[in-house]
């Protein structure tokens, strides 16, 4: 087939018109070393701190060390196929994770990929894992209670929405149990929960998922899991990923609760990464910025005002405040709260719940030490009725602890001292609470009223818990209207006091326990 000169010139013209002469700029580097999940890349001149780097085999790295002629990055995934001489590329994006309502009820890894076998997460929304915390002018004071349903916490160490309350103690003494109970107690309150598991066994995480499902709490919970078998890089970024998922709710005028279980393991992972990146070690071999590691994370938990929510949602949500409450967990070694990481986190948070091994072993569970535990801002948020009735409990316990030590050396005690010791023993017994048995505000108030007004003083210590169970059962069946009223209003006045008195005296008269 012969083409005429005009046809040939037409084809050439078409080709010239279709020719794409645009230049795609791509920052390319060469991997000069790879070991222990760390890659060193030469030639990436335009990379930013915290930027994602594309590595061979659809794996990404996170740029952490920016040197004069090289970049040190941690690999977010499998690195065994990466070798010296491979190419690496900047992609111009900071690490992001999926966020949104679709994550509720799911178990995801530190990058937001589902690991629960329930298919893909149906959300297109993403958020950077690192964000600047809201400034002072966007914050609102903490004045709404976050009920844990645990008597000793809600009465003595109250937590408010938007607070950071540290749970600290040795291993295996119930730190996670307190956090899980708090998540379960948010059922029906509208508070969304995020549980971040860092460096835990996969079987432990599976057990927590099962417990939450059994108590109907997975519907309002996201679980972010960086297991013990995951790399140090994933354990390091998991808390930030979980925090971004919680901020989605906070910034839209909702309330969220996030549990970091536990930040000690995150600090260990960060120490490992820093040492592999040849950063100079400091105290306990931690890098110099380990305080900033936790402060920039925990400062993102806040209560934000109406203006912040309205500005963030472009006017779609008006007149609503949002909050993100953080419950970081720190594991101590032999009760040493003066170690580096515990003291750092104590200084960052708004209070701490201190658990003691001796109390746990003596049968007091939750094993909370009321002397060392404090809530710096929760008092303003505490429910009025619990605040009124719980004040006497803390005083009774403090006096009891003081007298208990003294009474070991004294043979004969006066009547007043003996009465204080008796009440202290019964209050201590009353504060025992099994896991998964959280209480409503009204039932908690009923127990505190009975203790505060001396109704437990003439009971044997062994009768306190059975009496409390009978009291709650009676209140829920015969006096359900009073319980509903207290749960709804949370107020305490002479009328409510009279109603509580009638319930307690009715129970004592029946002796149904």
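Each residue, glycine too, has its Cβ placed from N, Cα and C.
For residue 175 (ATP binding site), the number of other Cβ atoms no farther than 10 Å from its own Cβ, over all displayed protein chains, is 25. Residues or ranges marked as ATP binding site by Swiss-Prot: 169, 170, 171, 172, 173, 174, 175, 176.
Same-chain residues at least 6 positions away in sequence with a Cβ under 8 Å from that of residue 373 (site 'Required for activity') are, in sequence order, 156, 157, 351, 352, 353, 354. The site 'Required for activity' annotation in Swiss-Prot covers 373.
Residues 331, 355, 360 surround the recorded ATP site, their Cβ atoms falling within 8 Å of the Cβ centroid of 169, 170, 171, 172, 173, 174, 175, 176, which are themselves excluded. Residue density at residue 174 (ATP binding site): 19 other Cβ atoms are found within 10 A of its Cβ, drawing on all protein chains shown. Annotation note: residue 176 (ATP binding site) sits in a helical segment as assigned by DSSP. Of the listed binding-site residues 172, 176, the Cβ environment within 10 Å is emptiest of other Cβ atoms at 172. Each of the binding-site residues 169, 170, 171, 173 was scored by the number of other CB atoms within 10 Å of its CB, and the largest score is that of 169.
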